[in-house]
Amino acid sequence: MPSQMEHAMETMMLTFHRFAGEKNYLTKEDLRVLMEREFPGFLENQKDPLAVDKIMKDLDQCRDGKVGFQSFLSLVAGLIIACNDYFVVHMKQKK
């Protein structure tokens, strides 16, 4: 039986490939749909209507309009770090 971490890894891989399809990368539209479906709270809290455009620009280091799996993981890691920072601050406030 997979551990929670193994399940989390599998979920990230499956999510990327579900939105990337056979082409094995995300386009800006793929990324927008993924963000809307998988990170709805993040997008709802963004004040900038161009948030997905800016994220795509940051992730698309080759400037070819494609986001590969490693860049997708960078996005997920950044979001996890931000969530952890928020969590730590709020845990300290509860003490």
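Cβ coordinates come from backbone N, Cα and C, glycine included.
Feature annotation from Swiss-Prot assigns domain 'EF-hand' to 47-82; the stated evidence is sequence analysis. Swiss-Prot lists LYS23, LYS28, LYS54, LYS57 with the feature N6-acetyllysine. The feature region 'Ancestral calcium site' is assigned by Swiss-Prot to 60-71.
Feature annotations (Swiss-Prot) mapped to structure.
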residue	record	contacts (Cβ under 8 Å, 6+ apart)
LYS23	N6-acetyllysine	none
LYS28	N6-acetyllysine	VAL52, ASP53, MET56, GLY65
LYS54	N6-acetyllysine	ASP48
LYS57	N6-acetyllysine	none
Go through the chain and flag residues at least 6 beyond the ends of the region 'Ancestral calcium site' (60-71) whose CB is under 8 A from any CB in it; none is fine as an answer.
13, 16, 20, 24-28, 30-31
